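Have a look at the structure below before the remarks.
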Amino acid sequence: MNYIPTQTFYGRRWRPRPAARPWVAPPPVYYPPPPPVPVDPQAQQMQQLIAAVNTLAIRQNGTRTPGQQRRKRQPNKPKRKQTPPKKQNPAKTKNKQKPQPPKPKKRKPGKRERKCMKIENDCIFEVKLEGKVTGYACLVGDKVMKPAHVKGVIDNPDLAKLAFKKSSKYDLECAQIPVHMKSDASQFTHEKPEGHYNWHHGAVQYLNGRFTIPTGAGKPGDSGRPIFDNKGRVVAIVLGGANEGARTALSVVTWNKDMVTRITPEGTEEWTALVTTACILSNLTFDCSLPPCAPCCYEKDAEGTLRMLEDNVDNPGYYDLLAASTHCDAPQRRRRRGLTEDYKAYKLTKPYIAYCSDCGNGQFCYSPIAIERVRAEASDGMLKIQISAQIGLQVDGAHSWTKIRYMKGHDVEDTDRNSLEVFTTGECTVHGTMGHFIVATCPEGDSLTVAFVDKHKVRHACRIAYKHRVPVLGREHFTVRPHHGVELPCTTYAMRTSVTTEEIEMHVAHDVPDNTFLSKTGNKVKITPKGKSIRYNCTCGSKESGVTKQDKEFDNCEVSQCHTMVTAHDKWQFNSPYVPRAGSGKKGKIHVPFPLSNSTCRVPLAPLPNTIPAKNGITLQLHPVAPTLLTYRTLGEKPEHHTEWISESCERTLPVPEEGLEYTWGNHAPVRLWAQLTTKGSAHGMPHEIFSYYYGLYPATTVAVCVGLACVILLALSASCCLCVSARNKCLTPYALTPGAVVPCTLSLLCCAPRAKAATFAETAAYLWAENQTVFWMQFAIPVACFMIVTYCLRHLMLCCRTASFLVAVSLGMGATQAYEHSVTLPNAVGFPYRAHVDRPGFSPLTLHMEVVSTSLEPTLALDYVTCEYKTVVPSPKVTCCGMSECAHQQKADFQCKVYTGVYPFLWGGAYCFCDSENTQLSEAYVERSEVCKHDHAAAYRAHTAALKAKISVTYGSTNGTAEAFVNGESTARIGDLKMILGPISTAWSPFDPKIVVYKDEVYNQDYPPYGSGQPGRFGDLQSRTTESNDVYANTALKLARPSAGTVHVPYTQTPSGFKYWLKEKGDALNHKAPFGCIIKTNPVRAENCAVGNIPVSLDIPDAAFTRIVDAPSLTGLKCEVATCTHSSDFGGTLVVEYKTDKVGTCAVHSESNTAVMQETSLSVTMDGRGTLHFSTASASPSFVLKVCSSKTTCTAKCVPPKDHVVPFPANHNNVVFPDFSSTAVSWLTHTMGGATVVIAIGITIFLIVTCIAFSRH
């Protein structure tokens, strides 16, 4: 379902045209009013001045004297109609009616509100649940939209039966509007200039991308209401709000140009109207916010109130009932929340004494400030400590910042908060305290101690083994927040004591045995409660037992026969594993302050490195202040990823290949660099300069060519020498064997031999002409044939050396086409343009420019589960004295339960048992998601087929624009009247594996166990579908152990969290090692700007884009002169064209050769006959055909290599193995080969001549 509506009809409700009524008189003819008389500005100012003076005079005349008292203005009373008095019976008198207070007058809606109400009358409908309005649904475009969190059914029979599709990402439900209701829909717009907009309650301000209203203008129940602009178009739909003091920030769903956006400020609450929940008390159902008077509140009936809360602990309205039970003054009226209000729930609780393994002296004890739990989920290093004492409360439960209350025996006492100490290896900084909780920042250490001094000047402490290490935030170590740096997202414990989503369980305290209340006088045993509730059990006489608050005596009894216990069931205490559980298993709960919240933390920025560029590399001079992380990767198909922590000043040389390098230093943004084809020497100089030039670019090829050339020259010399020696031997051998023979003059000159008798050349030629003319002509044909063969080979060798080169910033240029339907193939690389020249008969050529702006490869994901850190919940053990207990299975993750017998001796420790045998302890433990799971969790997904979306910039003629479409061969995109279809892409590739893990903004390609098959200590040991669902699965190897004699506790063993282990061993994320330079992002998971494959594009160019030849300028005498040229460096060439024209205009510019590409797509033709253009090339001596309008010319240049070794932009290079030779290099090569060829030709010629002469002699 697309959540962008289609605008099909924007009118209000359609009304039929009234039928013709001939009997009704026609309306009068309308005459336009006369034109207004022009107003004189001076006369108008004079009239305003006279009116102001008259008004001032009237006010002065009505002013009272200084001594006159101001009379109170009486309200206007309606005059009663006077009636004649009636005779009244004096015996009967009427009771006087009490005057009724005037009803408050309703405020008249303002102009904005009236306008919105008029539009809302047709386009919004109420959503009702159990007859009560919970929100609204809105008709926008061709869709009906309703917030997903608004429960209920739309109050319309046609809309109620629609099938809605839900989007949890946008918190929206969407369905198609019935056809007969499309006229009621409102228009929508994505245009949102900053200013004021309208909604049901007045004005809405839009500033810096946020919608805000005055606090109090919106309320729960407004979810789903639209926000309109001044034209009545919907710009957003309200979902909720966040109170920010004087103003409230709205959470809305709005539209951008091509997508839906959800704006959710921090602390947003959903504005759905809450349906009143019902609580139960003794089969009586009542509103949770209005409990009955028995019990009405905690002060009137403490135990009854706790029982009522325990019975409704799982009710959704529990906290409403808790708040109402702690406010006995006026529970029905609205209460203003404050700091004191947040402490109200602690009236129902009390501190407690619990087991501590080290009370500061190396010995265990039962401490009033025992440490229950230490939490360190905050990424800024804060600790959240839970203790058994309560901070910020007095003895009576009243709020006081300066007090700590604690248990002393059976009584609650308080002392000064200033005596509170928290330290590890050093003193901690306490940021906030409330109830059982302390938030502090501590130095690193292996133990944690909390201590205080009571009012009797006795110091109480508790120390536990806790390894505290401050987490590294960002990519640089630091100990103190810097003055200057960069803000990174982090988590911290917010200093808020208001109601949160976290809670702790409470229960009624166990009865505490104490025989100090017993005394004996004579043969009587007396119980003196001393103001407490005492549970007694005496085995003497009639075996009496019960509960008393008064003194009580037993005759004929001994103190040893009676047992007394202090029972107090009017207070809750924390469900601690170090305190026995009460007899009843009921429990309550209260909120936990200081919730873990998302925030931003300032982290330092290391000094920027000094960079020294080199050929195909860069040297970084690093000077870190603290240990700083350096990472880099190449951007090719096989990325090489490296990570290193730098602690001291040093230098690191990084290779920069042609495909690019990305490095990240500390908390700075990533830097991308690309290598350029820089070299020494010159392609147009002397041979040694040419050798240096090509050796710097293509060392292997240059060496191979030089070695081959040297071999050819040596072979030529050797062959020529061999031929000469052979010819000499053939010439001289016959004369050497004949005595007295004289060598002819010709042979003596050719063979360097003394003259002998032989025929002369003329005689030999005459002899061959007379005897064998065939051999005579062969003497002349053989040298000519050799010369022709050598010339032909040299010609083709020069043509082969001039290979075609790739463009520096472009793919290959396309040829001309004869129709407006055009197909191109774009490289899937951001920043590389494509140019083409489209020819159409009767029209001037049209230059087409296309460039990929961005791409996004988004896979289809299926969530398997979410995993995070677990929390082990250990309830208070259930100690049964003189009896047995049995485990009851509970639907909890990794639930464990065991019963241990004989663990407590008679009257021992905190077990409070009076039997010396058959004392049992029931231990329980299970696993839950930790509170940090909402902020720190990993999601396991199965990735399917990925869809590629590309944004392409197109320029043709005078039209340019950007379009975005899926690259699938079907989706259509338009820019003006241009229609194009992208894809499918040539290479179906995705950087994502079939199974991926998403953690915050990082993605990992890794396998994971399926749901329900997690292993202890590994990824997936705790699994759930979402961070709030109840389907929690856990396998943590949780095992209960037998408690040791001497303490009340629940020992257990458990494998450490597999999620935390995975965080340490997860390795490098795909974000840092994705191939082809992909940028990996989340929400949604996608890979952006992956440079792989090609994108075919089918274009349908409109006829209006072409210019007829008769309208285009005509150019003659077109000439091209290259001013400067730097190859392989963006558009580093500049050329000047000269021409003659008959009129001014605009001509399309295009290079018809693949050697160069033009930066400009058109040239403004002027009567000056001169223009400047820029081009890009990868050739050292390019020669290309430039076409301007219908005229052509050839441009030739001699280019120099770029000077910068490394640049921050990508550039393609000539990647062929055999390089492109310059004309100068080819000239020198031709001369060298020609010299070797001449040497060989001379040797061959001599050999052939000698051979022919030898044949002629025989």
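Quick reminder: no glycine exception, Cβ is built from N, Cα and C everywhere.
Positions annotated as motif 'Nuclear localization signal' by Swiss-Prot, on the basis of similarity to another entry: 68-109. Residues or ranges marked as region 'Binding to the viral RNA' in Swiss-Prot (evidence: similarity to another entry): 96-124. Annotation comment: Swiss-Prot describes H149, D171, S223 as active site, charge relay system. Positions annotated as region 'Interaction with the capsid protein' by Swiss-Prot, on the basis of similarity to another entry: 726-730. Annotation comment: Swiss-Prot describes 903-920 as region 'E1 fusion peptide loop', evidence class similarity to another entry.
Sequence features annotated in Swiss-Prot and their locations in the structure.
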residue	record	DSSP class
H149	active site, charge relay system	coil
D171	active site, charge relay system	coil
S223	active site, charge relay system	coil
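Mean predicted confidence for the region 'Binding to the viral RNA' (96-124): the pLDDT average there is 58.
On its own chain, D171 (active site, charge relay system) has P147, A148, H149, L239, V253, R262 as residues at least 6 apart in sequence with a Cβ closer than 8 Å to its own Cβ. Long-range Cβ neighbours of S223 (active site, charge relay system) (same chain, at least 6 residues apart, Cβ-Cβ under 8 Å): T134, G135, Y136, P147, H149, V150, V238, L239, G240, E270, W271, T272.
Of all Cβ atoms in the protein chains displayed, 18 besides its own lie within 10 Å of the Cβ of H149 (active site, charge relay system).
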